[in-house]
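Over in TrEMBL, the protein carries these features:
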type	residues	note
DOMAIN	51-71	domain 'Anti-proliferative protein'
DOMAIN	97-116	domain 'Anti-proliferative protein'
Amino acid sequence: MHTLCARGTMKPEISAAVGFLSRFLRVKGHVNDRQVQTFSQSLQDILAEQYKHHWFPDRPCKGSGYRCIRINHKMDPLVGQAGQRIGLTIQQLYLLLPSELTLWVDPFEVSYRIGEDGSICVLYESQPCPPGMPVTAVTGSPSGNNGPMGNMVDSHISCKEELMVLGRTSPSKTYNMMTVSS
């Protein structure tokens, strides 16, 4: 695995997210290469515009919910807008994309989950570069297996891990509960 670092420009993160979604159109659909290319460019432009005031490389979890692309019982409006630019209806997009998809586009990490109970997989990860260090980055495999170093960039908790821990409606079975009274 390479030394991963980036400046937080959002371009590699958006590119990873768009590439992931575009592959579904290419593989599952009756969408030609030109349409996929137009969809990809449109979605890149839409996401860049949407995220430009909600991108915080110094605090990657800030704005994570705003940048989350979500398809469940409702099509994500940004994906729907890009699909409509190539003549796809929302119903056609539902047939081409997973019916339950959460895609987090955060500074230095792009992750996804298919299904409500699916595993979270990392598509792209990097870490901030110290000033003066050259910028390099790598895209992880869709399986999330990025070699012997694993998915952790450093020891801080990621936005998705925070969601998994803090977003629980009930404690896991391994918690020991302690009641404090005054």
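Yeah, the Cβs are placed from backbone N, Cα and C, and that goes for glycine too.
Per-residue pLDDT, averaged across the domain 'Anti-proliferative protein' (51-71), gives 93. Residues 7-8, 10, 14, 17, 21, 78-79, 94, 97-109, 128, 158-159, 162 of the same chain lie 6+ residues outside the domain 'Anti-proliferative protein' (51-71) yet bring a C-beta within less than 8 angstroms of a C-beta in it. With a threshold of 8 Å between CB atoms, the same-chain residues lying at least 6 positions outside the domain 'Anti-proliferative protein' (97-116) that come near it are 6, 8, 10, 13-14, 16-17, 20-21, 24-25, 28, 47, 51, 55-57, 60-61, 64, 67-72, 79, 122-128, 153, 158-160.
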